[in-house]
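Participant: From Swiss-Prot, here are the annotated features:
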type     : residues : note
SIGNAL   : 1-21     : signal peptide
DOMAIN   : 22-132   : domain 'Ig-like V-type'
TOPO_DOM : 22-170   : topological domain 'Extracellular'
DISULFID : 41-116   : disulfide bond
CARBOHYD : 102      : N-linked glycosylation site
TRANSMEM : 171-191  : transmembrane segment
TOPO_DOM : 192-210  : topological domain 'Cytoplasmic'
């Protein structure tokens, strides 16, 4: 039996459940058509002489779901591709304990759940999977509408109008001058009368003492 067919048969018979041995990130990702995607699978055990496989599942996980073998990473040979994938679009490389699946120029038909897997003895160990959704247009985030607060009207008191030109008219000035003259004349008359009365009183007193 060819290795690829054996691998797919083993994946069909395995009970799929997320393992803490292989931690995949992110759990869900949505990208636009023709973009690049990087999916990470971190191994919590030593994989010096082991292989890491990447599979794709196009439908929701179930007992009869089908898995496509995409590529594997081998410590000696590097990336080994499936015969059914475009090699220039799929690459697997290692970064310390992480195994990265790199997909370029993705299409909507590349959408699905991607699993990393290691073949043990006798069981298969799967990661929890990363769901990839490829869309033509990414949804835009609607900006929250700001409530406009009505502006308060400020009541302003009318300013007193400043009088332009001279403060007093010629008529007013004339009346003021006339009033001052009348007061001065009245004061002079009062002083004159007071002096005459005093003189008359002095003359009367002189006659009395003679």
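Each Cβ is built from the backbone N, Cα and C atoms, and glycine gets one as well.
Bear in mind that the values here come from a model prediction, so they are computed numbers and not experimental data.
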Participant: Over all shown protein chains, what is the count of other CB atoms within 10 A of the CB belonging to residue 41 (disulfide bond)?
Facilitator: 28
Participant: Long-range same-chain neighbours of residue 102 (N-linked glycosylation site), Cβ under 8 Å, sequence gap at least 6?
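Facilitator: Those within reach of residue 102 (N-linked glycosylation site), by Cβ under 8 Å and sequence separation of 6 or more, are 36, 37, 38, 90, 91, 92, 93.
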Participant: Relative to the Cβ of residue 116 (disulfide bond), which residues of the same chain, six or more apart in sequence, are found under 8 Å away?
Facilitator: 22, 24, 41, 52, 53, 54, 55, 99, 101, 126, 127
Participant: Quick one: average pLDDT across the topological domain 'Extracellular' (22-170), no decimals.
Facilitator: 84
Participant: Could you give me three numbers for the domain 'Ig-like V-type' (22-132), the DSSP helix, strand and coil residue counts?
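Facilitator: Once the DSSP states are binned, the domain 'Ig-like V-type' (22-132) shows 3 helix, 59 strand, 49 coil.
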